[in-house]
C-alpha cells in the first residue's frame, strides 16, 4: 500500500488538468474520447449527460457526506477497500482490470480521491480523466505521456507501507 505523507498533501490540491467551474463547460470537450471518472458527483453528472464512462470510481460520499449511488447498469461492479490518504494494491489491481475490460464501476469502501494517479497510468493515451475539485468545479485531464510522467512524479512522493 502507498500512503501520502502529510507534508505532501498540499500538492494534491492543485488541479491535475483544466478546472471548469461549471460541469456544463466540460461537456463540449468530451466527444469521441474514452472518459474515466473519479468521484460520485462527477460520475453522476456524466451519466446524466448520457455518457457512459469506461471506468467510474466512486465511494458513496461527496465532501464527507453520503451521496446517492451512481447507477451504471451497463457496467460490472468491482468492490475494493482503500483508506483515506492511501492507494492500496487492491485499488490498483481493480483499476488495471477495469482498464482491460471496460466499462466498469469501482466502488470504494473508504476514499477514492487519490485514484486519479493510478487511473492515469493504467489507461491508454488519448482519453479524458474527469474528477471533482470540491467547492471549485470539475477537472478535465487529457491522458497523455506528460500526464503519466506527472502521475509517476507524484506517486514517488508516497511511502510504501
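Note that the numbers count up from 1, one per residue, in the order the chain is shown.
A Cβ is built for glycine as well, from the same backbone N, Cα and C atoms used for every other residue.
It should be emphasised that the depicted structure is a prediction, and the values quoted were computed from it without experimental measurement.
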- Which candidate from 109, 112, 136 does Swiss-Prot annotate alongside 40, 41, 42, 59 at the GTP binding site? 112
- Task: Write out the long-range same-chain contacts of residue 112 (GTP binding site), meaning residues 6 or more apart in sequence whose Cβ is under 8 Å from its Cβ.
- Result: 38, 39, 57, 58, 59, 82, 106
- Note on the structure: Counting other CB atoms within 10 Å of each candidate's CB, the least crowded of the binding-site residues 41, 42 is 41
